[in-house]
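Copied over from TrEMBL:
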type: TRANSMEM; residues: 15-39; note: transmembrane segment
type: TRANSMEM; residues: 51-67; note: transmembrane segment
type: TRANSMEM; residues: 134-155; note: transmembrane segment
type: TRANSMEM; residues: 238-259; note: transmembrane segment
type: TRANSMEM; residues: 279-296; note: transmembrane segment
type: TRANSMEM; residues: 308-329; note: transmembrane segment
type: TRANSMEM; residues: 345-366; note: transmembrane segment
type: TRANSMEM; residues: 373-392; note: transmembrane segment
Amino acid sequence: MKNPKNLSFFFCLTVYYFIFWQENIALNLFIFDILLLGFSYQQMPKNLKTKILLTIAFLSSASVPLINTDASILINVLIMGVVLGYSLLPEINSAVSAGLVFFINITLNIRHLAAPITNLFEGMASKSTLFDQVLKIIKIGVLPVVLFVVFLVLFQNANPIFLEKTLFLQNALETFFTNFPTFSVPRTVFTIFGYIFLAGVFFNRNFQFGHNYFTNKNTSIEPPTESIKNDMFQTATISLFTLNALLLSVNFIDIQYLWFNFSVTSAPEMSKLVHSGTYLLIVSVIISIIVLLFFFKGDLNFHKKSKILVVLAITWIAQNAILVGSVFIRNFKYVEMYGLTHKRIGVYIFLILTLVGLFTITWKIIKKQNFNFIFIYNSWAFMVVFLIVSFVDFDKIIAENNLKRPNCDMEYVKSLSIHAIPSILKYHPELKKEDLKTYKRYKQESENFTWLSWTLIDYRLQNLK
């Protein structure tokens, strides 16, 4: 075979079809990820960055069968997109760039859908002998396959133990000869989707669109060649001083009435307090980023009195960090009073990402870096945060937290996924798992799945009395 890449492509396409069709996303995704990483590793540079990205991808893939939440699956898809994009363009500067490279490569491959098939046959033989070569392969292969199937059936009927040991072969053959050739629109769409996706993995179109942007790693700011005017410096100083004073008043009120003198309030008022605080935080951080990037984008970094601006900027960032603490306390009090939900967990995740962003902005100002620095390092930092999030079993945590409360909303807890079932039975032993709607639905759906859909929660539920 002149082009083994085509064989790898069709091999992965076959694996994709058989391990994902009519299966749940679980162990099969882990297997498929490892397969793609193995093939992609061949074109990756052998350095520390590659090892780190492969480790992140492996951990993310492992989270799918181990945790198996919607978040873990989505995060795994995004992380795999980053790693596969890196394999296509190892010079990428950020996680976002890697993901865009992979997406663009998939899009470009849509224009060359027939290329893998054409390359496959051209690799087997020249066009003049192609038909004869195909006939020769069929003639050589048909008799061994027929003999193998015939004697397999004979030996299985003659020896029950042999039948038990080789039943998986019989099932595989039945699946191939019975299901695979059956035409249907869903199967066709499913196969075409995998075909296009894998084309983006195996066939690098070496596009030039955005190449410089995706590979630009320059994060330093060049000193100005001309003298710096004081007008912009004065504007920046007054703006940052005013904004600091404004945010100081907000933080003073929060510290006085929320941090140390918090009084119990109603659910609607508490909800408004949390949401308003979150919206304020979002707006404040966005303004902080835009204003600081504007003032510290160039010349002002090298002004003779730039230390004044740096102090004001870092003070403002520190006040934003205090605002993050205030929103954290609001959310914590809300959870303490009325229970945990997915949205309230989402607030915590947003706060963590905000702190990461504030740290990178601080570092950018101190080290006189440009916007590219924030873009690059935030993307990698967020990727690590999301990897950690993929190992969080949200429904289990929500159930455990809420079931400990005297006024637990059982209907809400029961509406959670199967991950909450062990906790429900732990705190309410009088209930049976068979009585829960989520378990009934799970049992009904899992009857059609094979070992490829295995997850850790499956094991726990099977061993749950």
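Glycine is no exception: its Cβ is also placed from the backbone N, Cα and C atoms.
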#### Entry: Chain residues outside the transmembrane segment (238-259) and at least six past its termini with a C-beta under 8 angstroms from it
280, 284, 287, 291, 295, 309, 312-313, 315-316, 319-320, 322-323, 325-326, 329-330
### Message
What residues elsewhere in the chain lie close to the transmembrane segment (345-366), defined as a C-beta under 8 angstroms and at least 6 residues from its ends?
### Response
274, 278, 281, 285, 288-289, 292, 296, 310, 313-314, 317, 320-321, 324, 327-328, 331, 373-374, 377-378, 381-382, 385, 389, 392, 394, 397-398
## Note on the structure
Within the same chain, the residues 6 or more beyond the ends of the transmembrane segment (373-392) and with Cβ under 8 Å of it are 56, 59-60, 63, 66-67, 69, 71-72, 75-76, 78-79, 82, 93-97, 217, 219, 289, 293, 345, 349, 352-353, 356-357, 360-361, 363-364, 367
### Task
Examine the transmembrane segment (279-296) against the transmembrane segment (308-329) and state whether at least 3 Cβ pairs sit under 8 A, considering only residue pairs 6 or more apart.
yes
